[in-house]
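**Q** The structure under discussion is supplied below as structure tokens; questions concerning it will follow.
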């Protein structure tokens, strides 16, 4: 289990470093728009904006932490255990949140950024890169998902064969019983490994998006823009945390790994705000520069592809073809309504952010 924690921590650090490097590349670059808008910001308004940004760091930290922690705490509640029907509804709600995040929040932003008039003279202005990158991202997620699962399955099968050979030599009279026990254990372990891979890949997609929205808020100088963003992004992080926390709880990781994943999600948006504040004040970050638009659009598109794939293939499909769900009409309808409610909750937030 420690191997999973180490691999996850390493991958998360790599993603974070790449994001920071990409955003630094966008600093001190040519701006597509006039700087008049920034020049008219008074000192008083700039101080108010800074105060609101600092408040939003605390607000998003709490919202994300509470959201991702609720499903983990819910594992202790008997009604939310996987063997209970209500668990299907909770999981469907979380999947609806993640699916809506990809389709309604992230992908439109990617299209908007990569369709900017600033990019008309570049390759992005002549080709729909947003959809293309989202498609490649979904394909890449499929490859990682299947290859990683196959790799750990082979490793586990080899380990079972070695143990089986030793035990067969020592207990020749119990070969049949051992074979059945090993088969059941292997099936359960393979499913558990897949859940862990799903939770880790899903967190990567969500973390990328959280950093981007944090930087966008931190780089803003308008009080009128920051106020509604604070409220909308708080709910946004809360619901995203619910979806991610549900997947982490299914992965049955060690407590240390669970805390690492939950903490990493909780701090990404606040850290993104801090990065945005630093870039806008001291590093000359231009959100409307060609480089910034390209980087932000590409990262959003990649994140959307990951979340859409994971929600449909790894979260919704296995549950809605589950014999237990299909044999119970009321449970099937309840899960579908939970899916719609989760998607509707996140869709409503798209009015403000």
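Yeah, the Cβs are placed from backbone N, Cα and C, and that goes for glycine too.
Dumping what TrEMBL says about this protein:
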type: SIGNAL; residues: 1-28; note: signal peptide
type: TRANSMEM; residues: 52-74; note: transmembrane segment
type: TRANSMEM; residues: 86-107; note: transmembrane segment
type: TRANSMEM; residues: 127-152; note: transmembrane segment
type: TRANSMEM; residues: 201-223; note: transmembrane segment
type: TRANSMEM; residues: 229-251; note: transmembrane segment
type: TRANSMEM; residues: 258-277; note: transmembrane segment
type: TRANSMEM; residues: 297-317; note: transmembrane segment
type: TRANSMEM; residues: 329-352; note: transmembrane segment
**Q** Answer yes if the transmembrane segment (329-352) and the transmembrane segment (86-107) have at least three CB pairs under 8 Å among residue pairs 6 or more apart in sequence, and no otherwise.
**A** yes
**Q** Contact between the transmembrane segment (297-317) and the transmembrane segment (258-277) is defined here as three or more C-beta pairs under 8 Å separated by at least 6 residues; is that satisfied?
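**A** Result for the transmembrane segment (258-277) with the transmembrane segment (297-317) is no.
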**Q** As a test: from 127-152, 229-251, 297-317, pick the stretch that has the greatest number of Cβ pairs under 8 Å with the transmembrane segment (52-74).
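**A** Most Cβ pairs under 8 Å with the transmembrane segment (52-74) come from 229-251.
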**Q** What parts of the chain pack near the transmembrane segment (86-107), using Cβ distances under 8 Å and only residues at least 6 beyond its ends?
**A** 71, 74, 79-80, 130, 134, 202, 206, 209, 236, 239-240, 242-247, 250, 300-301, 303-308, 310-312, 315-316, 319, 322, 325, 331, 334-347, 349-350, 353
